[in-house]
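Quick look at what Swiss-Prot lists:
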type: CARBOHYD; residues: 65; note: N-linked glycosylation site
type: CARBOHYD; residues: 88; note: N-linked glycosylation site
type: CARBOHYD; residues: 627; note: N-linked glycosylation site
type: CARBOHYD; residues: 1173; note: N-linked glycosylation site
type: SIGNAL; residues: 1-21; note: signal peptide
type: TOPO_DOM; residues: 22-207; note: topological domain 'Lumenal'
type: TOPO_DOM; residues: 229-312; note: topological domain 'Cytoplasmic'
type: TOPO_DOM; residues: 334-373; note: topological domain 'Lumenal'
type: TOPO_DOM; residues: 395-460; note: topological domain 'Cytoplasmic'
type: TOPO_DOM; residues: 482-1391; note: topological domain 'Lumenal'
type: TOPO_DOM; residues: 1413-1437; note: topological domain 'Cytoplasmic'
type: TRANSMEM; residues: 208-228; note: transmembrane segment
type: TRANSMEM; residues: 313-333; note: transmembrane segment
type: TRANSMEM; residues: 374-394; note: transmembrane segment
type: TRANSMEM; residues: 461-481; note: transmembrane segment
type: TRANSMEM; residues: 1392-1412; note: transmembrane segment
């Protein structure tokens, strides 16, 4: 029995060993490549995640030693696209998402792009994008069409949207363009995806409007036929009754009667059996007798109306009219959304600025009406007063400073005048300088102008005195602090802010901190270095007060406070009253809080005065009502004294608060008693302020005040008693001088100097060389030891590429008056001091370093390194994308500061999209060669230079307009036309310009090429869905969780206590209902969406093209200022601008708007996880679970870290009307589909001598036309015309042309025009010009382009077609005529026209015989009857 038991135990042990040694089951995938591992006391969570090229997983094992439990974490990768490295990828940004692992095993999502060469072309006939490469590459199409994939040779992507706004990327090439089909493609896509082939779907959709109106007509007709079989049809009696009545009236009045039946004449039919009254007769004679005898009751219109209600013909007519009526009302609608700002809540610190701003706004609003009403009168009175008073004052001064000499009858100036008996030393001389003729022929007489010189001299004196008075007034502002306050080295009670504030404030708001600082420099109160500190005050009141209170020394605080009070001279002036913007903050604190002493019974008079401003401040009796309470209850004193200090700090920020805190900190609070008393005496009318200050005087006199402990933040605001010192050796700079230009510095020292009076620090200086002849430079960056010499220091990096900036003589002169210290520079330990052998390359290129060209690699962390092995990859890199800096990565190199390099030419700049290139060809032969070379084009646009693209695709509608100007015997001088045109892209209008006598002059086409509202947007962050969560966690066997859980920046922390229990604890932990699991986490997102913020206000830009025959030009005009040139004048008549959104999101090259978080805000909407550069930010409460194991650590499962509402980004509104140019970090967003107003234009035509023109003249004309039939470009024609006379030529062509008349000049030979052909004109076509026939040579390129490519801001053919013919009936008219007649016309040619003319003649003849003949016969009989009556009347006479 014992043996069997022993055998059983051995068997169980062997089985247990076999189980323990069995290979573990691998999660996610088997094997894989180990890419990173780490041993640490905190572990990561297990994950299995896939990116675009691989799958990653993590494995964690635990080990324990004497120091604790450690986690061994490993990360493995399994390739799904094994050969993706062949595309020569780089992390310059792209569409390939790759997850990498940093040194802490955190997942980092990066985007890579391939750099293999790729050729992008477009097949316009098949509407396909073509990609071609030699090795593995990746393409991506985003925008209205989305497609991506890998390929090795050729591939294509079909375009099927009506208008495509797409971004195409292949390899390192990226293009952005706009393309539109000839027709709307939504219908074609719908039908083509069914059983219909493509050409049939295109034909149906080309005539879809006609098909729809026919189907609707048939549907209505069938419905009408059904109701005609019921009595419901008589509901249409009100419709047909008026028609029947009108027909009956015309029947009786207008038609000749048949001699057989008495009814209306009917030449083509027999006499009927029914009379118009409804009676039936067997013979026509009885009917005639019935009509002639007067028994017929007349035409029964209701009978005819009832017949029409039952008639199928009338039903068909009603069906056609109803269908046309219904479809004529189908037009697009446009709406506008207005966003109203949400209410804003202000903090207590902002309240001063808000109240001041609102007070100023209210004051402005209340006084603007008064200012407007007295403005005109005031200006008149001022000028009148100056004129009158100045003249009077100058006249009085002139009389007092001059005398009239009776001896010489002249005026003399009293200045420097002496008497010589009855004469003076100035006799014979007049102040005006005019001399008498010695011969006595010209005698000078005294005039008023003789005193002008004296008046001007006195006027200069008055202006000088006035200027001095103004300067003295401004200078008095500088003395507000008293002379002793500027010389004090420590704060005193008389030199605090409320006591040194200016007593007068007459120029409120007229000064800036900069002007105030310069006034202090002028008054020799401070140096220029002190004055430059005004920038610390900022732009608002709170920023200035924060700058003042943050100073640690009295001199600096006094300086800034003086500047502040000189600018805001009324800050303490309003304390003379019981309200004001500067009192809002401390009064809010006093009202919102309560003193503990006020809870006692009876209530002290002090508490009553806090709520009643009419109480007397002489009956407060603090000692009587408060001593007992504060003596027994120290906590009451501490609370109330703290509240008093809060109020005092809000009321008197700056030096007054600093003085009080300083005395409390020194345990001498009673020394502040005098300061508070002086402040109370200065503002006796401010009752609440006086009460609080007297309360403060009482409180500082109590014994508890000496033991009161200031809060830490208040201790920091108390002034320091000692002057600042600097580390290093104090040195004399008496022999210092500016250093020479150099890039290297030996014996480098950093210099720190302090101004002797205000201790303004100057620490951006350094010296080179030995003592005492220091060479001084401005320290513009960090100092590094050269990487190859320890005694040499470099600027900004370790390569000595940046030159030092010598200090100027003014700075050195100032230094010699300061106390300066020298210290040895410290070698930084930042990224520029860390060498590397390789890195993940983001870009590469050549940069200028002085006169040399350096080969540079830009790493994924934006650091730049010199390299001489650009194509060498580091075999030890994880992803295989690290590039060596030297052969085989043997040499370590240091980063180069970007400021040391210039004119960098990067090879991978193509990650930023390029745009369509436009080429203007000067000759018709070049244009012919360009469009005929091949059908598959690169993305380039070719234009014939004389026409460019300044004409619309469709011939515009012409209007007649009369030229304005001066009409002469030869024609018009200064001819011009004035008109207006809607500011809408694609709008065009033609003008046939006539003279007043009706003479045709010339044709002009005005074309709005682009009318856009645009704005620039800056990229602020990326967002996307969460694909993984990085985490670090640890656990404690016993105890509580740490109060501060360690976490990296932007990581969220989580914790849970009482996690240890039986069966759920690590090995060796015997605990129940205690312990803790804690850690931190951060989301890893796939960046799918970029968010941009508007950087400037919207601008309206309009491009207007004017095309004369043979001359064309375009000009731009904005909405704010007119455009005036020698050829035209443009100005917006009306402006209607729709604001662009403030925030936009771009996903797959599509623009979205809606509820989007701004940078730094994390609301529950799109964009609450934000990636900026390499950091992720977000907010939320992590949710996590853990899995228990016996005698082992727990597995942490992070359910959620950040709140990521990326799903709401998919619900944003796509802005199909907004287009944009993607410039990587910026967007140019524009709307070219909106009517932006009305543009008034005046075209200046110059002189037109049309009366000298002749009708018929001989021309030497040679014409060549190149183009295609029915394509976007039409035919471009070049005309070579030689004429001996100026002429306006009328040309007649057998095709559609954009101009009927051209103006021929003797000085010009080349002309250009555009014509459209619906069929091939052949090699030659006959044109008539000036009455003569000429042959035009044509070259037709066989093209069937389905798609038109442009840059997006210009209008396309389909948009111009929609603008021209946007309603259903217009489309039906065009499509119906083209469907019926175009195939016949192509087959029969001119014979079809002959047939149509004959058919039209037959129809007119039929109408004449059937309708006009009876009416004419009736008219003839009526005329004969009147003739017979006239003859009978004549016989009776």
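Each residue, glycine too, has its Cβ placed from N, Cα and C.
Small disclaimer: the values here were computed from a predicted structure and weren't measured.
Structure coloured by features recorded in Swiss-Prot.
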residue: 65; record: N-linked glycosylation site; DSSP (3 states): strand
residue: 88; record: N-linked glycosylation site; DSSP (3 states): coil
residue: 627; record: N-linked glycosylation site; DSSP (3 states): helix
residue: 1173; record: N-linked glycosylation site; DSSP (3 states): coil
Alpha-carbon distance [residue 1173 (N-linked glycosylation site); residue 88 (N-linked glycosylation site)] in Å: 24
Nearest-integer angstrom distance between the alpha carbons (Cα) of residue 1173 (N-linked glycosylation site) and residue 65 (N-linked glycosylation site): 40
Euclidean distance between Cα atoms of residue 627 (N-linked glycosylation site) and residue 65 (N-linked glycosylation site), Å: 66
Residue 88 (N-linked glycosylation site), number of other Cβ atoms within 10 Å: 18
Other C-beta atoms that fall within 10 angstroms of the C-beta of residue 1173 (N-linked glycosylation site): 8
Of 65, 627 (the glycosylation sites), the residue whose Cβ has the fewest other Cβ atoms within 10 Å: 65
Model confidence over the topological domain 'Cytoplasmic' (229-312), averaged pLDDT: 80
Structural state census, the topological domain 'Cytoplasmic' (229-312) (DSSP three-state): 44 helix, 4 strand, 36 coil
